[in-house]
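Dropping the structure in here first, questions after.
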Amino acid sequence: MNTQVLSSWSWKQSTSSQWHQCAHTKPTTQIHNDLVDAKVIPDYLKGLHERDMQWVGEVDWEYKTTFTYMSANSGSQKDLVFDGLDTYATVYLNGKEILKSDNMFHMHRIDVREILVEGENELRIYFESALLKARQIEKADGKHMVCWNGESCRLYIRKAQYHFGWDWGPVLMTCGPYREVRFETYDARFEELYGHVEVDESLKSVVINVSVKSEGVAEKKHIRLLNPDGNIACSKEIPASDDKVTFELSNPQLWYPHKYGSQPLYTLEATLLSKNSVKLHELSKRIGLRRARLVQQPLDGQPGTSFFFEVNNIPIYCAGSNWIPAHSMLTSLTRKDYREWLQLMVDGNQDMLRVWGGGVYESDDLYSQCDELGILVWQDFMFGCGQYPCYPELAASIKREAEQQLSRLRDYCCIVIYAGNNEDYQVAESNNLEWDPEDHSGDWTHTNFPARTIYETILPNAVAKVCPGVYYHPGSPWGGNGTTDKTIGDIHQWNVWHGSQEKYQNWAQLGGRFISEFGMQGLPDIKTIDDWLEGDETERYPQSRTMDHHNKAGGFERRIALYVTENLRIERYDMESWVYVTQLMQAECLAYAYRCWRREWKGRGKEYIAGALVWQLDDCWPCTSWAICDFYRRPKLAYYAIKRESAPIALGLYRNEEPSEREKELANGNGTTQPANGDAHADGETDGESGGGLAAQPGHSTPFDYSPRSFNVDIWGVNTSATEVAATLEVDFLDVASGKPLQQRETSSVTLGSNQSTSFITGRRFPNPDNTVIIACLRSKSGEVLFQAADWPQPLKYLKFPGRKVHLTVEQSYVEVQTDKPVKGVQLQLDSDTKEVFWEDNGFDLFPGEVKRVNAPGLEKNDSVSFRFYGQYSQ
């Protein structure tokens, strides 16, 4: 088989006669990048330029390139293969139309034997404006379909939905050959090489059912399975007419998520041979052997069912992130980019990545490296936040899309779940669409919720056909009694930030069996901001037009201000200070969620909460959003907070406010009102109608309660490992202002149960709660610090930090930091415009007597490093 990957594209606007050579020779391209390279438009990532280039998406564009065909050196079959065209594309070979495509997620193989000419052949692709086509189709349909984010016309076409704009991304309606185009000649080839893995429950044996379909004239097939070390594990030769092989292995090397074991990958190889044993085609794929399932079973002591993933019989608590496309122009991403993003997850103690349904079925570079690194993947189908139509032509297109993409994705052992959509059932609920859970007819195209046919018939059938054994979830969120049922399935918990805008200290009451979305915004790194400001000092303040343009969330000004002013003291309002305070607020918010929810992973039968996936890991352009790392992969302080809370061994603290005497009287029936004092740790039940928020509080006849208040603290440990861990727990109570101990250190021997949380202290009262910081330290029997955590009085804005002295020493590849009094949120930053380092930890708390070492590979002793901490400018 001979393959040419087409590259060196030229482009032009359809109404122009002038072609422009792309500035690069890559095999894939998109029009916005080519226009920037040609200086036709400015950089869409910067300034306000996005606003002035909307015309690009409203006109048609053409691409062309050439390839060489020599009949003497080719096989009998000649195909052009298209891995993805964005979106409405008409393809011409030597002036003759060979393909019309209207789905960005379709792949095509076209027989071009009758059209080829000897020597140079020209391939030209005409891309119609997807935006105008979508508007035309919507207008012809005559219906108003509901959508959140972007124009409603997006629902009618199979294009990456985020291109229409989202509450974190720009409107950039691009087009182009965004996936490879290849010219292939052959006499025979493999159509399919797939190994369906079945690991025995005992984990001692595995059966691999290999499908090796081929086309063309051949004599035999040679199939081999190589061990991770490259040696042959199994080998079989079969006639070319056969397409099935079964391999059986004893004591296989199993693949595990990165916290639980190693990631050995086997190689499946297939060779197609002629009668004379000439190699006609070779194909290979790497596969991981693992037993994975989603466990939904009754729980001990709580209603509903569990929702946890089990890999090789090990229950997995999934701390992780949501993934959006990491660039508005997918062709800008390289394998190295994906690697660096995923390495951030591994370094940040994250287990699972959810590929969100408003983007794309991602590049093989993402999934193959999740296999390599041991990251579990939750894969959405590409439907998001809308009331999608399902007329026959679209349904057929979606069926083909699903089966083609599943045939590609099924090779990756990292994928453990497919979900039908993102939040489309929530759209149905909020707009009172016709959704009868008791109707299982399978065809809902006659209702105003026709997409049920997609999510409950087309997609599950495709998964069962192409990926048998992988769990299918109709949507995310999806559960029992509607999408906000916290006792069954997964939820999206947006009553912090959106919804009822709860205090983030209330995350403990807002959990569910699996929280697949939740989040908080924080500004990106100051270097990222300066990049999009392009040196315009007149716009370098938090409320400038350009700053606002780079935050697409509705109402973000009020919401960021709400959560900052509720919790933190605003010492300064310059740009650097606003970046710091919003990042600290985001970090504190998300740390509460991860900490409180992981506590509910309490062992077999008590998997009350089994996962938390933050919205979101990444950005598609430089902006302020919910991302925990910005567009340039610069971690925000929230990234480090999540890393600490998700460590294999960790501690959690939570201070509980006890009811006052007046509240006890009210609770005993001597009144009906609730004091409106803004308690940080208020108790409450969830309100399913409002998406899981706290119940509305009664009236205002007793708005204040000044009676004395008492607090107590709970302390627990969490342990990911399969074995118990014996340790010593040390607890200190320090005065925030002076740093002096309020009482003698408490020490106890503790044992952390395996793969669960373990309660150590419950309801421990302590003095002077308004000014006491509680520090808990877990030490191994040899004295090594396994983990340290602290709980501060809430809200932090009331605290005062007089006379802090923080000392920093820069060494080769690390720094050391010390303090004389308790310090909150120490942020390290390298003072350089050209050099960057990755800090092993950042935004950490520091206490007297500690020498905090923070590694930073590449740091040199003569580098200048600055730091700041909370309350630094109010001493």
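Glycine too: its Cβ is placed from the backbone N, Cα and C atoms.
As listed in TrEMBL for this protein:
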DOMAIN    9-179  domain 'Beta-mannosidase-like galactose-binding'
DOMAIN    196-290  domain 'Glycoside hydrolase family 2 immunoglobulin-like beta-sandwich'
DOMAIN    712-798  domain 'Mannosidase Ig/CBM-like'
DOMAIN    811-855  domain 'Beta-mannosidase Ig-fold'
REGION    660-701  region 'Disordered'
If we skip the immediate neighbours and take only residues 6+ beyond the ends of the domain 'Beta-mannosidase Ig-fold' (811-855), which ones have a Cβ under 8 Å from one of its Cβ atoms?
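Same-chain contacts beyond the ends: 527, 580, 583-584, 587, 634-635, 637, 640-641, 643-644, 732, 734, 736-739, 773, 775, 790, 792, 796, 799, 801, 803-805, 861, 863-871.
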Averaging the per-residue pLDDT over the domain 'Glycoside hydrolase family 2 immunoglobulin-like beta-sandwich' (196-290), what integer do you get?
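So the average pLDDT across the domain 'Glycoside hydrolase family 2 immunoglobulin-like beta-sandwich' (196-290) works out to 97.
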Where DSSP helix means H, G or I and strand means E or B, what are the helix, strand and coil counts for the domain 'Beta-mannosidase Ig-fold' (811-855)?
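Across the domain 'Beta-mannosidase Ig-fold' (811-855), the residues distribute as 0 helix, 22 strand, 23 coil.
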Kindly report the helix/strand/coil residue split of the domain 'Mannosidase Ig/CBM-like' (712-798) according to DSSP, in that order.
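Across the domain 'Mannosidase Ig/CBM-like' (712-798), the residues distribute as 6 helix, 52 strand, 29 coil.
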Treating G and I as helix alongside H, and B as strand alongside E, what does DSSP give for the domain 'Glycoside hydrolase family 2 immunoglobulin-like beta-sandwich' (196-290) in helix, strand and coil?
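The counts are 0 helix, 53 strand, 42 coil.
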